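Here's the structure, in structure tokens; my notes come after.
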């Protein structure tokens, strides 16, 4: 990615542009002293309607403040041909020619420097706090505990009420600004920020960055993102830093074209896994990836592959780690058997449709059924010492805490590119016991018996997030449903969050399904 997010930035970068930008950040965005805060409160009103709210932006070319929501700043940009403005709440730069928030390396550096200065002024200003009360802390750094003063203890006695998180609390719900076809990223961010154990990890400040440049660490950025989500702010967040880091570390996702949400999920988990060095607690890893980072602790499972020789019935077993399970659907070019009773595949308007109901369990049964590899895929059997036909069967050796199921709705081949719109019924609660390697081995040995409650509970999951794709393969949009509390669901459509019913969730098409274990064993 080039240092400049768009070519229109160059028209602003003339003599003294850095100093001019610093003044705007110091006076109107990052207000570090009481004086600058008073100036901001007095000066920052829309020059057209006089409002303080409605996402005020400041023109970068002249002294003009305008509402973004009511498009007063847009009118100014059009009339004066001043194409760049700055968000006075978050500091993001908006280009009216690109019609999007942009990233520029030089301008971002100025913003970070001024934000850091303002933060220091807020923390160490004698007018605000006593110097011994606070220490500057960063993500993953040590911090001193809060020791209340005598005055603060008196105030606490007079104000015994505390803020409680109730079932109606909306902390953690926050929209995300679409930065130009970035709905694929926004829906995954919503799923990750509502993953309970991941939330607990980041909000407890447990990441210790060991990268030479913390500014390039995706885990540090995720820590900041979680703090933003659970800060109580309700205005949409602008994830431009996250987008830039993803583009930097996963270059195949760079650019403003629409990307695949599943591909982004895997790329994000991979980068987070690589950047989690230093977070290992020193204990032996209890997952097939042999890594104790938070990503592998939560998302890594073990997939067992048994290849059985058709002559001597010898079995060769391998176990591979996985972060997700991709499932074929009826209507794809891959044969799908068995379908639920009454199913009938067909093609309508170039897209695949199936009558009847296909369930997630159907897809999992197909995924774990024995598959004959055929004469063209003979393997050398270690028992027969010769090439023989064989069967292959996949089962779950170890289940992850969070199981992500990818319904393969996009089919790409030399002759065909299409979206499969088959409706797949998925449950709110899922029992993975029938698909475990241990269940298969017990059945083969004729020793299958009902598992104990503790073992059975270990394989039970609850749905907590669903990612959907609306539209066609060429033109579509991603949204997500997330569970905030038990049986309380919300639809996340970029910056817009709306309440949803359970029926809305289970009636949706489904592209990525996120399930969380109902019972956890703590080591």
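Cβ coordinates come from backbone N, Cα and C, glycine included.
Feature annotations, courtesy of Swiss-Prot:
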type: ACT_SITE; residues: 183; note: active site, nucleophile
type: ACT_SITE; residues: 477; note: active site, proton acceptor
type: BINDING; residues: 6, 8, 95, 98; note: Zn(2+) 1 binding site
type: BINDING; residues: 46, 49, 67, 72; note: Zn(2+) 2 binding site
type: BINDING; residues: 59, 62, 76, 82; note: Zn(2+) 3 binding site
type: DOMAIN; residues: 174-518; note: domain 'USP'
type: ZN_FING; residues: 4-121; note: zinc finger
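All features noted in Swiss-Prot, drawn onto the structure.
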{"residue": "6", "record": "Zn(2+) 1 binding site", "Cβ neighbours (10 Å)": "17"}
{"residue": "46", "record": "Zn(2+) 2 binding site", "Cβ neighbours (10 Å)": "21"}
{"residue": "49", "record": "Zn(2+) 2 binding site", "Cβ neighbours (10 Å)": "11"}
{"residue": "59", "record": "Zn(2+) 3 binding site", "Cβ neighbours (10 Å)": "20"}
{"residue": "62", "record": "Zn(2+) 3 binding site", "Cβ neighbours (10 Å)": "9"}
{"residue": "67", "record": "Zn(2+) 2 binding site", "Cβ neighbours (10 Å)": "23"}
{"residue": "82", "record": "Zn(2+) 3 binding site", "Cβ neighbours (10 Å)": "18"}
{"residue": "95", "record": "Zn(2+) 1 binding site", "Cβ neighbours (10 Å)": "20"}
{"residue": "183", "record": "active site, nucleophile", "Cβ neighbours (10 Å)": "24"}
{"residue": "477", "record": "active site, proton acceptor", "Cβ neighbours (10 Å)": "16"}
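Among the binding-site residues listed (49, 59, 67, 76, 82), 82 has its Cα nearest to the Cα of residue 8 (Zn(2+) 1 binding site). Straight-line distance linking the Cα atoms of residue 82 (Zn(2+) 3 binding site) and residue 95 (Zn(2+) 1 binding site), rounded to a whole number, equals 9 Å. Considering only the binding-site residues 46, 59, 76, the residue whose Cα is spatially closest to the Cα of residue 6 (Zn(2+) 1 binding site) is 59.
The average pLDDT the prediction assigns to the zinc finger (4-121) is 84.
DSSP assigns residue 6 (Zn(2+) 1 binding site) to coil in the three-state reduction, outside any helix or strand. All protein chains included, residue 8 (Zn(2+) 1 binding site) registers 15 other Cβ atoms within 10 Å of its own Cβ.
Note: the Cα of residue 98 (Zn(2+) 1 binding site) and the Cα of residue 59 (Zn(2+) 3 binding site) are spaced 16 Å from each other.
Comparing CA positions across the recorded positions 46, 62, 76, 477, the one lying closest to residue 95 (Zn(2+) 1 binding site) turns out to be 76. The two recorded residues residue 62 (Zn(2+) 3 binding site) and residue 46 (Zn(2+) 2 binding site) have their Cα atoms spaced 14 Å from each other.
In this structure, residue 46 (Zn(2+) 2 binding site) belongs to neither helix nor strand by DSSP; it is coil.
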